[in-house]
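Working notes, structure below.
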């Protein structure tokens, strides 16, 4: 529908076959001024103001003048941009798309993914940097300190790959818009999309930290050592790595906190689930153990080097350079080579019997030297042993450490104890916070149950009522898990609320026969107004004679519906309601009546739950609206469905059929009595008029007997007909339910 033509930022739309151009007024920028300047030169008028066809003679001069004018305008435009003139803010994502350079929205999914990957790369970076401390090792055979070349190549390669993520992140920072602080009064705020302002802000905030973090100083030191063969470089490399890695570790570690805070501010949360948050802090604790283990390894090697240096200082055949591998060709090394093993084992022993005083106290580093990890090139065993030592002493706050009097060792132990205390408190606190979010609903339910028990005990409720309250609370918890679904949905926008209600209720509503054949519009209206209800076993939904304030549609469970026709003696009707049935249909008749007042109708039945019941409820006011939609259905199908499933209509139909059947039986019996009477009359007449040879006395007695028989027949017939008529009238007393108004007329 939209395409771009002419200057940048101007869109065109085809309306009724005509192309109409329009420009967003709130997106006007100085960029569009430049584009408009360029577009002006393409119009039919030249700079001198005359028509183009009259200026052909001075085409060369006017062209040069226009070129200079355009360059001057571009210069003024760039100066204005540099001092901040013009509008450089945007609110909507489409404003970012029309910019000349790609500017990312801080809440863009791609940028959020990149930030999460960068946090992961930061964690990997601070995990890789301590591996540089494992490069020095002790050659136990040559009694010298060397550099593990294979491990050095692997570590520097991994560090370089991770630094590439830093460079990519720094490039993204120059193209990521930010919310202007002055626009945070209401809503999201305005995004600053000017690349100059974005770059200025980044340079003033985190650029220096990122630059110090990404400097490849450790790689340069390691590769310089690998490409030189002089053994004296071992000492310089070891000292440089120790200081540079530790110094550069500070900005790398500090960069993680503002980045995670930025993720929480833009994405709302950093860890999507409670388990992810707990695992994140556990990972940080393991990272601290990894750092402590690497420092312990390096300090153990340094402490061993101090002992060797002290022993070498007391021996005239030794110089300090002999203690580092690669110096075998130095002058005087042969004399030292003959005595170094026995001499160093004598002066710096690591396996000393307990009853003897060692010549040199290694303190907390004795375990690293006696285990042989400082002289091993097996990185896996070396790494996990140091990791376990760091985790063990961080968790125990260094309680099992036996230090020497060496100040550096004591300071390291004190720092270890303080760091362990802080990290352990941080880990426990944050893990408790995250894990409590899993059980907060359960705890709220326990508090409510305790309050309910105290209240019932205070009010001295009978045991059966207490049991019903407990059963209802338990059933509601099992169904909702303590979540107030209604309030949760009500806080959402209307269209989203409608879609959620449709997703949750549509399939269940279609199972109700009354709603089965309705159109989508009516079903949406019904779903939007339905409210879920829960009823426990043996609870009464409505009682006969009470006002009906809602119509219930059964989703699960079984109910009993009973009526006595207003308490009339001798009348009792019972039926069962199951999934798909409804009750409270008196309210639908009331809602469809155009002359109904504000008084709610009375219930004609008592409805009791036989099992736990789930239902949807339509209250009276909402049903008024839905019922008004029913009248627009130009079909009798809904009316027939309503009659078929309505308990009122079913009861009336049953009584009506019983009355019709009894009337039929009455007519049959009356017909039979009439035939018997006719037969007896015919027999009596034949006796009288038959000319019998009996005497006149016998004839008189026969006529008298026939008259008495006819009188008894008439009496019995009258009594039976009166009884049948009275029973029929009793059945007909059950009035026909009022007819709902399903017409299409509005009222």
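In case you wondered, yes, glycine gets a Cβ from its N, Cα and C as well.
Annotation source Swiss-Prot lists nucleoside 3',5'-cyclic phosphate binding site at 514-638. In the structure as shown, the Cβ atom of residue 546 (nucleoside 3',5'-cyclic phosphate binding site) sits within 10 Å of 12 other Cβ atoms. Under DSSP, residue 546 (nucleoside 3',5'-cyclic phosphate binding site) is assigned to coil, being neither helix nor strand in the three-state scheme.
Taken together, the residues in the domain 'IQ' (650-679) have a mean pLDDT of 79 on the 0 to 100 scale. Among the features that Swiss-Prot reports, domain 'IQ' is placed at 650-679.
Summarising the annotation, Swiss-Prot assigns region 'Calmodulin-binding' to 630-645 and lists similarity to another entry as the type of evidence.
Annotation source Swiss-Prot lists topological domain 'Cytoplasmic' at 1-117 (among others), citing sequence analysis.
The topological domain 'Extracellular' annotation in Swiss-Prot covers 139-150 (among others), and the record cites sequence analysis as its basis. Remote same-chain residues near the topological domain 'Extracellular' (139-150) are listed as 225-226, 234-235, 237-238, 301, 305, 308, 322-327, 340-341, 344, 372, 375, 377, 379 (criterion: CB distance under 8 Å, separation of at least six residues from the stretch ends).
Annotation source Swiss-Prot lists topological domain 'Cytoplasmic' at 172-205 (among others), citing sequence analysis.
The topological domain 'Extracellular' annotation in Swiss-Prot covers 227-239 (among others).
The topological domain 'Cytoplasmic' feature in Swiss-Prot is assigned to 261-280 (among others); the stated evidence is sequence analysis.
Taken from Swiss-Prot, the feature topological domain 'Extracellular' covers 302-407 (among others), and the record attributes it to sequence analysis.
The annotation topological domain 'Cytoplasmic' is assigned in Swiss-Prot to 429-747 (among others).
Within the chain carrying the transmembrane segment (118-138), a Cβ under 8 angstroms from the stretch's Cβ atoms is held by residues 144-148, 151-152, 155, 158-159, 162-163, 165-166, 169, 213, 218, 222, 234, 237-238, 241-242, 245, 248-249, 252-253, 255-256, 259-260, 263, 283, 287, 290-291, 294-295, 297-298, 301, 304, 374-377, 379, 382-383, all 6 or more beyond its ends. Feature annotation from Swiss-Prot assigns transmembrane segment to 118-138 (among others); the stated evidence is sequence analysis.
Sequence-remote contacts of a segment are chain residues at least 6 beyond its ends whose Cβ falls under 8 Å from one of its Cβ atoms, and for the transmembrane segment (151-171) they are 114, 117-118, 121, 124-125, 128-129, 131-132, 134-135, 207, 210-211, 213-214, 216, 218-219, 222-223, 225-226, 377, 379. The transmembrane segment annotation in Swiss-Prot covers 151-171 (among others) and is backed by sequence analysis.
The transmembrane segment annotation in Swiss-Prot covers 206-226 (among others). Taking Cβ pairs closer than 8 Å, the transmembrane segment (206-226) reaches residues 125, 129, 132, 135, 147, 149, 152-153, 155-156, 159-160, 163, 166-167, 169-170, 173, 233-234, 237, 240-241, 244-245, 248, 251-252, 254-255, 258 in its own chain, all 6 or more past its ends.
Feature annotation from Swiss-Prot assigns transmembrane segment to 240-260 (among others); the stated evidence is sequence analysis.
Only residues 6 or more beyond the boundaries of the transmembrane segment (281-301), in the same chain, are considered here, and those with a CB under 8 A from a CB of the stretch are 123, 126-127, 130-131, 133-134, 136-138, 145, 242, 362, 364-365, 368-369, 373-374, 382-383, 385-391, 393-394, 408-409, 412, 416, 419, 423-424, 426-427, 430-431, 434. The annotation transmembrane segment is assigned in Swiss-Prot to 281-301 (among others).
Taken from Swiss-Prot, the feature transmembrane segment covers 408-428 (among others), and the record attributes it to sequence analysis.
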Let me spell it out: take the transmembrane segment (240-260), skip the flanking residues so only those 6+ beyond its ends count, and list any with a Cβ under 8 Å from a Cβ in it. 115, 118-119, 122-123, 125-126, 129-130, 132-133, 135-136, 206, 209-210, 212-213, 215, 217-218, 221-222, 270, 298
Three-state secondary structure, residue 626 (nucleoside 3',5'-cyclic phosphate binding site) (per DSSP): helix
Helix, strand or coil at residue 562 (nucleoside 3',5'-cyclic phosphate binding site), per DSSP? strand
